[in-house]
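Asker: One structure, as structure tokens, below. Some questions next.
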Amino acid sequence: MNILTFDSDEKLNEAAANIIIGQIQTTPRAVLGLATGGTPVGIYKEVVRDFQRGMFSFRNVTTFNLDEYVNLPIDHPESYHSYMNTHLFNHIDLPASQCHIPDGNASDTAAECRRYDESIELSGQIDLQLLGLGHNGHIGFNEPAHALIKGTHVVDLAEETLEANARFFDSIDDVPKQALTMGVGTILKAKKILLVVKGADKADIVHRALKGPITTDCPASLLQTHPNLIVLLDSTAAGKLS
Ligand code: GLP
């Protein structure tokens, strides 16, 4: 595991964006696993800026998002479809047929999960998976549990997650209670994982995830088993690491 700490948000975003861009430059047909949430917003901004400078193209890239809420219309401003369009897809040359987000409005969610896993399989391996970290140690929407699920599945969101995501909605009651998420097995199969964490409120969970026991109670702790994990932290998120 390679942990890098940054003293400014700007430098952290730039470093993360450079890893994503470097992946595309060295592997033009890269398969990228993408994340949502507050953390990657500034990273996508950097990526878009460098794309607009003509440094690289998404023409041959394929993307798979980690997750999507269940039963939230895709044009709802807080759907992860809207998020990705706003922060990345609307600004780059990625063909729509090459970007994938689970369909949280599918009438048969089990079939949708199978379909999503099959498209990931068909594209080969994810070259680079971008991840944020939930306050309870979730990655994607894989919540702490007695057992974790390998592939894409429907998940009941933890109370802590509903509370954390309430800031994006009018009230906590408006936060969808379920989501579709890529499983931990798929995440760990990525060739390279880029975990980015910001903020003092994540310092404890960063410590648990990276230095604590490997346990399904903290899904991110399983990342310790990955052979090619890069962790980018701001100095406050790194505050509990010695
Ligand atoms: C969200 C997403 C995760 C994200 C995490 C942290 O709910 N499902 O993919 O990494 O929670 O989000 P944030 O970056 O806003 O703290």
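Glycine residues also receive a Cβ, built from the backbone N, Cα and C atoms like all the rest.
Grabbed the feature section from TrEMBL, which reads as follows:
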ACT_SITE  ASP67  active site, proton acceptor
ACT_SITE  ASN136  active site, for ring-opening step
ACT_SITE  HIS138  active site, proton acceptor
ACT_SITE  GLU143  active site, for ring-opening step
DOMAIN    12-226  domain 'Glucosamine/galactosamine-6-phosphate isomerase'
Asker: Among the active-site residues ASP67, ASN136, HIS138, GLU143, which residue has its Cβ surrounded by the fewest other Cβ atoms within 10 Å?
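Answerer: Comparing Cβ neighbours within 10 Å for the active-site residues ASP67, ASN136, HIS138, GLU143, ASN136 has the fewest.
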Asker: Do you know which of the active-site residues ASP67, ASN136, GLU143 end up with C-beta under 6 Å from ligand 1?
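Answerer: Cβ under 6 Å from ligand 1: ASP67.
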Asker: Please classify the secondary structure at ASP67 (active site, proton acceptor) using three-state DSSP.
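Answerer: DSSP call for ASP67 (active site, proton acceptor): strand.
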Asker: Roughly how many angstrom lie between the C-alpha atoms of GLU143 (active site, for ring-opening step) and ASN136 (active site, for ring-opening step)?
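Answerer: Each residue's Cα considered, GLU143 (active site, for ring-opening step) and ASN136 (active site, for ring-opening step) end up 7 Å apart.
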Asker: Do you know the mean pLDDT across the domain 'Glucosamine/galactosamine-6-phosphate isomerase' (12-226)?
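Answerer: Taking every residue in the domain 'Glucosamine/galactosamine-6-phosphate isomerase' (12-226) and averaging pLDDT yields 97.
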Asker: Could you state the CA-to-CA distance between ASN136 (active site, for ring-opening step) and ASP67 (active site, proton acceptor) to the nearest Å?
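Answerer: About 17 Å separate the Cα atoms of these two residues.
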Asker: What's the CA to CA span in angstrom from HIS138 (active site, proton acceptor) over to ASP67 (active site, proton acceptor)?
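Answerer: The separation of the Cα atoms works out to 12 Å.
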